[in-house]
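The annotation anthranilate 1 binding site is assigned in Swiss-Prot to G80, N111. Positions annotated as 5-phospho-alpha-D-ribose 1-diphosphate binding site by Swiss-Prot: G80, 83-84, T88, 90-93, 108-116, S120. The Mg(2+) 1 binding site annotation in Swiss-Prot covers S92, E226, and the record cites sequence analysis as its basis. Taken from Swiss-Prot, the feature anthranilate 2 binding site applies to R166, supported by sequence analysis. Swiss-Prot lists D225, E226 with the feature Mg(2+) 2 binding site, giving sequence analysis as the kind of evidence.
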Amino acid sequence: MKPKFLFEQLLSRQDLSSDQMQEVIHACMTGEFSDVQIATFLALMRMKGETVNELTAAAKVMRQLAHKIDLGNPLIDIVGTGGDGRNTFNVSTACSFVVAAAGIKVAKHGNRSVSSRSGSADLLEQAGFILNLSDSQVQNCINQCQLAFLFAPHYHPAMQHARAARQQLGIRTLFNLLGPLINPAQVKRQVVGVFSTNWLKTIATVLANLGSERSLVISSQDGLDEISIAAKSEVVEYRDGNFKQWFISPEDYGLKHSSLDAIIVDSPEQSLHLIQSVLSGDSGPARDIVLLNSAAAIYCAKDGISFDAAIEEARIAIDNGKANLCFNKLRLLTQTLNKESNHE
């Protein structure tokens with residue numbers, strides 16, 4: 001599809017067909033489109049609004065172009081779209097250690113920051129984790145720690161063609177929405193945070209279209225792409241072929257309604273400090289938001305568990321020291337694996 005005709009169609013707010021979307025995404029991901037053309041496409045899609053069919057088609061292309069990794073099942077991913085502009089610490093990354101410590105295998109798909117002050121990869125590298133691991137090393141992490149981090153550029157090399165356009169735009173784009181949909185381990189259960197409640201049903205439907213068994217898509221009424229401690233959060237749950245909408249408030253689970261001020265960060269260093277504080281057992285707003293979002297993943301991953309029980313499992317995983325142990329064990333393991341591969 002020629003860029004000129006694509007842009008005219010989007011300017012007139014006409015949706016793209018699945019075939020058109022696949023063609024355009026392929027052009028963006030193979031170097032056929034220039035940075036200016038990619039940026040124009042992304043900006044016009046944002047103005048028009050991405051549809052279920054467009055996102056499903058785009059995710060299918062991205063999955064086809066990805067370097068896939070088979071880590072077995074069941075697995076869960078906990079991920080946010082970003083783009084909420086709130087600059088909270090890396091809650092989903094913190095939750096990954098808690099959920100793994102609760103005995104659930106986590107394949108955490110993440111990247112460096114594009115639209116926030118601290119992406120999951122920025123934080124982990126600050127802490128000393130090695131992210132560029134081979135498939136067998138990633139499997140080793142899952143086997144020993146129940147958790148592996150899948151560094152997006154390694155699994156989605158085609159994304160390099162859109163990196164400059166995204167960074168120059170500096171705004172939330174289609175790719176924020178796609179990131180949670182293209183986990184290279186092809187997880188079947190996911191907790192996905194989105195930056196606006198307007199996107200809940202759309203993303204849940206796309207996940208269902210892509211073969212998800214169970215998902216929780218979450219957005220808070222104060223604009224976080226996760227369960228908030230400062231407002232009610234809305235959930236669209238997909239399970240057994242059905243969609244269900246429900247709400248979560250911290251007070252419903254014995255947690256304090258708190259301002260977000262205490263969990264806003266300016267850097268990966270600050271985010272790391274908060275995460276280590278939570279995993280060490282410190283109380284406060286950071287712990288509470290990690291408990292709520294970890295519970296969402298435990299609830300999504302386990303059959304027949306209530307949200308109350310899931311919060312208790314998250315609390316135990318922190319208070320018995322296992323979440324902190326997981327953090328330190330995985331960090332050391334990635335460093336050891338990296339040294340071994342460098343000596344081969």
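Note that the numbers count up from 1, one per residue, in the order the chain is shown.
Positions of Cβ are set from backbone N, Cα and C atoms, glycine also.
Put simply, R166 (anthranilate 2 binding site) is 19 Å from D225 (Mg(2+) 2 binding site) when counted between their Cα atoms. Following the DSSP three-state reduction, the secondary structure of H109 (5-phospho-alpha-D-ribose 1-diphosphate binding site) is strand. Closest to N111 (anthranilate 1 binding site) in space, going by CA atoms and restricting to the binding-site residues T88, R166, E226, is R166.
Taking Cβ-Cβ distances under 8 Å and a sequence gap of 6 or more within the same chain, the neighbours of S92 (5-phospho-alpha-D-ribose 1-diphosphate binding site) are I78, V79, G80, K108, S120, V191, G193, E226, N293. The DSSP secondary structure for G80 (anthranilate 1 binding site) is strand. In this view, the densest Cβ surroundings among the binding-site residues H109, R112, R166 belong to H109, judged by other Cβ atoms lying within 10 Å. Ranking the binding-site residues T88, N111 by the number of CB atoms within 10 A of their own CB puts T88 at the top.
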